[in-house]
Every structure is written in structure tokens, then in C-alpha cells.
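Per TrEMBL, the features are as follows:
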- 29-50: transmembrane segment (TRANSMEM)
- 68-312: domain 'Sulfotransferase' (DOMAIN)
- Lys76: active site, for sulfotransferase activity (ACT_SITE)
- Lys76, Ala77, Gly78, Thr79, Arg80, Arg157, Ser165, Lys292, Gly293, Arg294, Pro295, His296: 3'-phosphoadenylyl sulfate binding site (BINDING)
- Cys277-Cys287: disulfide bond (DISULFID)
Amino acid sequence: CFRYFPLPIVLDILSSSHYIDVTLPSGSLSSFLLTMRFHLIFLFIPYLVLSLPIRTTSKRNNERKLPEAIIIGVKKAGTRALLEFLRLNPHIKAPGPEVHFFDKNFEKGLDWYRSQMPESGDGDVTIEKSPSYFISKTAPSRIKEINPNMKLIVVLRDPVTRAISDYTQASSKRRLGQMPSFERMAVGDCAPWSKVNCSVKIRGVNSGWGAVRIGQYHKYLQRWLKEFPLAQFHFVDGQKLIDEPAEEVKKVEEFLGLKPVVSPADFELDSVKKFPCIKNPDETHHCLGKTKGRPHPKVDEPVLKRLKRFYEPENDRLFALIHQKFQWN
Ligand code: A3P
């Protein structure tokens, strides 16, 4: 009752002297019924009719909508940081966990996908992030089928740093001592248990090893560009997201058609990890969890150089494809 009828009106009906009249002697009954009828005809019914549009609008305001934009990747490039920073904008609604609808949960259906989204109102933009979509063979066409106008956000980072980050995450999941060194995986003979064929190298690098392979961004992007025009993509520089988070977030807010509200005042550098954290209004900080911003192993200089040389032509192909250049060196 209180959801639909403002409190003052309900109180007026309940506490009016006519309601109290119920306790009066039966002689007052006819006057009581008369007044109740007055309330019903002149207050309640017009109120119900007039408030109908308001009530239906407020229902519409709390729908779960399918996303209009997706952060499709790239894994270990800063996708979590981007999502958390975007959520500073009250018009951006996003589920916390990765949904993985278009690659792992597709058979659960669209209603399930919608149910994973938070409620949103008019003027809000619903987004989700599942970084494995970027390398998925099925995600591009499935997304197009559901919304050919989907906005696609891709966080890109120097592929050498991204490969080291990927390796650091993989080795943190294995028991200590089980993972060969980064150098051995990237340019050596990998590991006996590894499924990667490390006897075939390209420009001296194990390009088939996942951590290296994903950094050949142009190869995966071509798949996406078969389904969506370049204008529907926005590329975030993962390094700038660390150095100048507000600047990078502002560009995404604009890409989503929103008035930018995130500003440099929203961030403060974590003095230990040296990554930006969100500054709350009460001066406390929200930094990303301990799986983000892990210390990286020190990699031999000649191996780093070989990887950089390996990625040079790969990066050039990417830059030509997206008509945009990143200063990653
Ligand atoms: P590392 O943990 O290897 O440093 P993703 O969220 O896509 O998996 O990316 C994780 C990477 O985001 C981290 O990799 C880190 O380098 C980077 N990153 C960017 N901004 C960050 C932030 N504000 N806090 C922590 N990590 C951040």
C-alpha cells in the first residue's frame, strides 16, 4: 500500500476524524459512511487514475536491461580496474562478477543473461565485462545476433607486460616450483607437461604459448571486425589507465554517451602497489584486490628485447587496423 500511495494520503484516510467516527454511537454511522464514500469518490479513485502513469514509469525505472556495451578484453590488461572506475559514474550499471554468457553460459538463455544484470533506470547504461570474449570464436557473432549495435570496449596493454602478467597469474595458481621460468616458457623449451609445441618458434619466440599468443591482438580483432564496424569499438590504453585513470575513464564515459563525471579527485595512488585506488567521499580508499597489481618476476633483458622485437610488426598491424597508436615502449 505504502509503495503506491504516498504516506500523507494514507494517513489522511486512516486518521481522519471520520475514521475515528467508527467508535461513535450507531447514530453517527450514516454520516461516517457518507464521508467514506466522499473519500472514495473524490480522493482515492482520482488518485489511483492520476498516479497510474507515475507507477508504471517507476516500474520501468527498475528493469534489468541487457547490456548496451561490453568490455570484451583483453585479459590482464586492466579490465577490472576499468570496470570499477566506470562504476563511479552513477549512470553506469554493471554486475561485479564476470558473466561469460557469450562463451561459457550461452545455453542458459537470454533471460538468464538479463537476470545477471543489476536494475537500471532511464538514462542508465548497462555494461558487463568478460575478458575472455576477446579470444572467443563464438562471442562476436553471438553478440551481433543479440545486438548489432553493441558498443565494444577493449583494454589493450603492451603485450610484453601483459604476457608477464598472464604468466604471474598462472604461476600463482600452480604449486611453488612447478612452473618453469618466464624466460623458458617464452623463448625456451617450455615445460614437458605443457601442451604448447615449443620446438617451433617465430622470430625466436614461442608464439603458440597462450601468454604470448593473446598479445597478437590484431589476429583476434580481425574476427570481431568481420561482425562489427570499427566505430562501435573503443580502445582503452591499459598503461594510461594506470598513469592517468580519470582521462581514460572520461573517454569511455563519452563513448557510452554519458556526461563525464569521473575526475582526478576520485583517485589516489596506492603507496605500496603504485596503482590508483578509488578515493571514497569519507576519505577511505577502495583498491583492487590482491590478485590485481601483483609483483612481476624480473625478466632477463635479452628475452625482453626479443619479445619486444617479436611484437613490433604485430603491434603495427594492430595500429593499422584500429587507426590508433599506443606508445608502449
Ligand atoms: P598485474 O596484477 O599483473 O599487475 P585484469 O583486470 O584485466 O585481469 O588486469 C589486471 C592488471 O590490471 C594487473 O596486472 C595490473 O597491472 C592492472 N591494473 C591496472 N590498473 C590497476 C589498479 N588500479 N589496481 C591494480 N591493478 C591494476
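Glycine residues also receive a Cβ, built from the backbone N, Cα and C atoms like all the rest.
TrEMBL entries are annotated by machine, without manual review.
Note that the structure is predicted; figures quoted are calculated from it, not measured.
Where TrEMBL records a feature, it is marked here on the structure.
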| residue | record | DSSP (3 states) |
| --- | --- | --- |
| Lys76 | active site, for sulfotransferase activity | coil |
| Ser165 | 3'-phosphoadenylyl sulfate binding site | helix |
| Cys277 | disulfide bond | strand |
| Cys287 | disulfide bond | coil |
| Gly293 | 3'-phosphoadenylyl sulfate binding site | coil |
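The average pLDDT computed for the domain 'Sulfotransferase' (68-312) is 95. Distance between Cα atoms for Lys76 (active site, for sulfotransferase activity) and Pro295 (3'-phosphoadenylyl sulfate binding site): 13 Å, as a whole number. Between the farthest pair of Cα atoms in the 3'-phosphoadenylyl sulfate binding residues (Lys76, Ala77, Gly78, Thr79, Arg80, Arg157, Ser165, Lys292, Gly293, Arg294, Pro295, His296), the distance is 18 Å. Gly78 (3'-phosphoadenylyl sulfate binding site) sits 13 Å from Cys287 (disulfide bond), taking the Cα positions as reference. Comparing Cα positions, Cys287 (disulfide bond) lies closest to Arg80 out of the binding-site residues Arg80, Ser165, Pro295. Look at the binding-site residues Gly78, Gly293, Pro295 and count other Cβ atoms within 10 Å of each Cβ; Pro295 has the fewest.
The local packing around Cys287 (disulfide bond), expressed as other Cβ atoms within 10 Å of its Cβ over all shown chains, amounts to 18. For ligand 1, the nearby recorded positions are Lys76, Ser165, Gly293; that is, of Lys76, Ser165, Gly293, Pro295, these have a C-beta under 6 Å from one of its atoms. In terms of Cα distance, none of the binding-site residues chosen from Arg80, Gly293, Pro295 sits within 10 Å of Cys277 (disulfide bond).
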